[in-house]
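Database features (Swiss-Prot):
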- HIS167: active site, proton acceptor (ACT_SITE)
- SER289: active site, proton donor (ACT_SITE)
- SER34, ASN121, THR166, ASN297, TYR329, GLN334: 2-(N(omega)-L-arginino)succinate binding site (BINDING)
- GLU302: site 'Increases basicity of active site His' (SITE)
Amino acid sequence: MAQAAAAPADNTKKLWGGRFTGKTDPLMEKFNESLPFDKRLWAEDIKGSQAYAKALAKAGILAHDEAVTIVEGLAKVAEEWKAGAFVIKAGDEDIHTANERRLTELVGAVGGKLHTGRSRNDQVATDYRLWLVGQVEVMRSEVGELMRVAADRSEAEVEVLMPGFTHLQNAMTVRWSHWLMSHAAAWQRDDMRLRDLLPRVATLPLGSGALAGNPFLVDRQFIAKELGFGGGVCPNSMDAVSDRDFVIETVFAASLLCVHLSRWAEDLIIYSSGPFGYVQCSDAYATGSSLMPQKKNPDALELIRGKGGRVQGNLMGVMAVLKGTPTTYNKDFQECWELLFDTVDTVHDVVRIATGVLSTLRIKPDRMKAGLSADMLATDLAEYLVRKGVPFRETHHHSGAAVKMAEDRGCTLFDLTVDDLKTIHPLFTDDVAAVWDFNRSAEMRDTEGGTSKRSVLEQVQKMRTYLAAEGQH
C-alpha cells in the first residue's frame, strides 16, 4: 500500500511566512531543513544570541530588563539542551528557529525582539565560526599530544638503526627516531596551519544583517569581545555573510594533516608486513581474519590511510559548492556544513587513533638491523674518497663501480678487499674498513636535521620547546 503523503506545512507560522499564503510541500520541508545536523550548534547559537541581546540593549533597542529577560530565557533553553529535554517541534527549520521559538514560549513576546536587525545570514556564519574556533583548538591539542608521543619515543629509542628508503628502495642508514621525527615535523606544520587560520575563523560576521549592515547601530566590536573573537569583525557586510573561506581553510588544513597521517600510516603498514617485520601494532589497534587464524591486520593504520581520502573528498565538495555562487548568501552554503562536521569529526578520530597506535606500537630493533645491507654504505664509500680530495662526481662513479663489481661476483661490498678497491681507485687503503659501519654512517650525518644521535635529540628538544611555547606540554 502506498504511504499517504504528509500534509503541506503552514508557511504563515514560519519566521519568514509574512508574505506567503500557500503551504510548503512536505518533501520541500525536509529538503530545506538543517536542524538534523545543525542542532549540535545549540550552545553557540545561544551564546551568540545572548551577546546580541546585550548589544541591542547597549544600542538602546532593548530595555535593560528586556535584555535580562532574553539572556536568562536563553540560559533556560541551554539547560534544556544540556538535560536532553529540549523538544524539537514541527516547523523548527534549523537551530536558530528552534531556539528562538522556545525562547518566545518561555519569555513571551519580548523574545520576538531578539532578532531585531539580525538575519540568519549573519547568525549562521557566527554560529559556525564560534563552533569552529573551539574545534580547531581541540584539534591542535590532539595533534600536540601526537607530537609529544613521537618526541618521547624518539628520545627513548634513539639508538635504534633502520634502513632508510627512497623510491622504496634501500638508500641509507637512518635512526628509527629520525624517521619518526620526520613525520612529527610534518605534524608540526599542520599544527602551525591550524594556529594560523584561527584569527581568520575568529572574525565576527554578526551585525552585518542579511547583507547591507545593521540599521540599529549595534556595537560589533562589543559583540566580538563578548564572544572572544580575537580576529575582530568582518570589515564588509556583504562579504561577511558570503565568506566561507574559513570553512575551506579549515578543511584544507585538516585534509593536509590527513595526507601526512596517511603517509605515516602507509610506512607503518609496510614496516609491519611479513617481509619487513620492523613493527607490530598492539592488539588494541589490529584485527584478525575470519578465515586465516595467523593474521594480524593493521586495520587502524589502513583506516587512517582511507579516511584521508574521505577528508580530501570533503574539501573538493566544499569548493564545488561555493564555486559559481553569486555574491552574498545563497542556500547552497547549507551543503558546506555537513562536510565540515564530517571533516572535523573524522580528524578528531584519526589523530586520536594515530596517537594510540604510536604510543602502543612495538618496534623490533633486531629486524631493523637485519634489514641494513652493505649497498646502503655505497654513498659512504664515495664520501671516503671525497675526504681524500677526489671530486664527488668522480667518487660517485668509483663507488658505483665497486657496487657493480660486487654484483658481478655475487657478493656484497663488505666482501671486496682493499686490493679489489684499489683496482678502482689507488686512494683506497686499509682505513676504508671504517666505512663498513652502519652506526658510523648515521653519526657522520651530524648537521642540523641529520640522522646522527646528537642531531635527532636536538630535533626532539626543539619540538618540545615548540610544544611548550604553544602551551601544549
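A Cβ is built for glycine as well, from the same backbone N, Cα and C atoms used for every other residue.
In the three-state DSSP classification, TYR329 (2-(N(omega)-L-arginino)succinate binding site) falls within coil. Separating the Cα atoms of HIS167 (active site, proton acceptor) and ASN121 (2-(N(omega)-L-arginino)succinate binding site) is a whole-number distance of 50 Å. Counting only residues at least six positions away in the same chain, the Cβ atoms of ASN121, ALA210, LEU211, VAL241, SER242 sit under 8 Å from the Cβ of TYR329 (2-(N(omega)-L-arginino)succinate binding site). A simple way to gauge crowding: the CB of THR166 (2-(N(omega)-L-arginino)succinate binding site) has 8 other CB atoms within 10 angstroms, across all the protein chains here. Listed in sequence order, ALA286, THR287, GLY288, SER289 are the same-chain residues at least 6 apart in sequence whose CB falls under 8 Å from the CB of ASN297 (2-(N(omega)-L-arginino)succinate binding site). Here the Cβ of GLN334 (2-(N(omega)-L-arginino)succinate binding site) has 16 other Cβ atoms within 10 Å, regardless of which shown protein chain they belong to. Same-chain residues at least 6 positions away in sequence with a Cβ under 8 Å from that of SER34 (2-(N(omega)-L-arginino)succinate binding site) are, in sequence order, GLU93, ASP94, ILE95, GLN334, TRP337. Once Cβ contacts within 10 Å are tallied over all protein chains shown, the recorded positions ASN121, SER289 are led by ASN121.
Set side by side, the recorded positions HIS167, GLU302 differ in how many other CB atoms lie within 10 angstroms of their CB, and the most is found at GLU302. When the Cα atoms are compared, GLU302 (site 'Increases basicity of active site His') and THR166 (2-(N(omega)-L-arginino)succinate binding site) turn out to be 22 Å apart.
In three-state terms derived from DSSP, GLU302 (site 'Increases basicity of active site His') belongs to a helical segment. Between the two most distant C-alpha atoms of the annotated 2-(N(omega)-L-arginino)succinate binders (SER34, ASN121, THR166, ASN297, TYR329, GLN334) there are 51 Å.
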